[in-house]
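Some features that TrEMBL has for this protein:
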BINDING   Asp71, Glu72, Asp179  divalent metal cation binding site
DOMAIN    65-288  domain 'RNase H type-2'
Amino acid sequence: MDAFNLLFAPQTNDLIETDCPDDSSVSEDEGAVFDVPSVQADPLTSSYTYHSPLPSALANNRGEPCILGVDEAGRGPVLGPMVYCICYCPLSRYEQVSKLGFVDSKTLKESHRESHFRLIQSHQENIAWSVRVLSPQDISWNMLKMNKYNLNAQAHDTTIELIRQVLIKGVNVTEIYIDTVGPPESYKAKLSKIFPGIKITVEKKADSKYPIVSAASICAKVTRDQVLKHWTFVEKELKSSKIFGSGYPSDPNTKLWLTNNMDPVFGFPRVMRFSWATCENLLKDRAVTIIWYHST
């Protein structure tokens with residue numbers, strides 16, 4: 001099986017076929033549970049995909065032209081998942097969607113991102129979205145294996161597959177806007193060959209220029225935040241903090257977590273991306289050296 005197929009091979013907890021209606025109602029009342037349907041209850045041991053229901057506006061006209069935006073959350077952190085998201089709506093409703101005021105998730109406080117996410121969920125007649133949650137283990141395994149599958153390639157393939165899955169559902173996507181990974185010109189050329197006939201725009205900071213990409217950035221970021229907030233350690237005897245911080249090594253809370261949660265023999269729990277230089281350097285500096293013997 002090649003790297004692309006491995007990235008999307010269904011696992012026991014893979015939700016690729018999830019299209020069940022979202023029956024979760026998120027109350028804005030104080031003390032209400034913030035429910036994000038793209039976050040699974042089981043420990044994140046393998047990557048999975050979530051699809052929201054199709055916009056009800058497409059129920060009687062599946063062929064109506066649609067606009068689609070792509071963005072990600074968690075590309076740089078040393079721990080937790082990387083989440084890719086597509087968000088789409090009928091072109092005829094895009095002006096209405098744009099007036100909802102979505103902006104780049106990185107410019108919002110957590111509470112404001114959650115408010116924007118609730119807004120997306122309350123407009124399911126116009127807006128749909130899908131996420132691919134790449135587990136830390138899958139990211140690391142792909143990057144550390146003999147035939148390295150780098151992060152850019154994983155990002156491109158994830159985006160391509162999410163778009164394909166929406167097209168397979170019969171959604172008539174006519175315009176795609178993407179916050180670039182790597183040089184925008186070559187990425188656009190690659191996508192145009194795979195999706196001929198679709199207008200494709202690949203730009204830096206697209207998440208701050210196009211509301212449909214901003215909406216995708218919000219769904220991606222909220223999903224990642226909630227996955228980490230509700231992280232379940234598969235290491236049963238581990239008593240580890242879930243105060244991870246942002247996951248970036250420069251974050252004081254992340255630094256503290258890295259310092260306090262490394263075992264000198266076993267290293268870090270599976271929330272860690274072992275392919276990151278930060279992790280490798282910490283293990284080299286502070287972990288016990290292990291010599292592996294084998295017969296020749």
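Here, residue 1 is simply the first one shown, and the rest follow in order.
Using the three backbone atoms N, Cα and C, a Cβ is placed for every residue, glycine included.
Since this is a predicted model, take the numbers as computed values, not measurements.
The Cβ centroid of Asp71, Glu72, Asp179 marks the divalent metal cation site; residues of that chain outside this set whose Cβ lies within 8 Å of it are Val70, Ala73, Tyr84, Cys85, Ile178, Val181, Ala206, Asp207, Val213, Ala216, Ser217, Ala220, given in sequence order. The Cβ of Asp179 (divalent metal cation binding site) has 23 other Cβ atoms within 10 Å, all protein chains considered.
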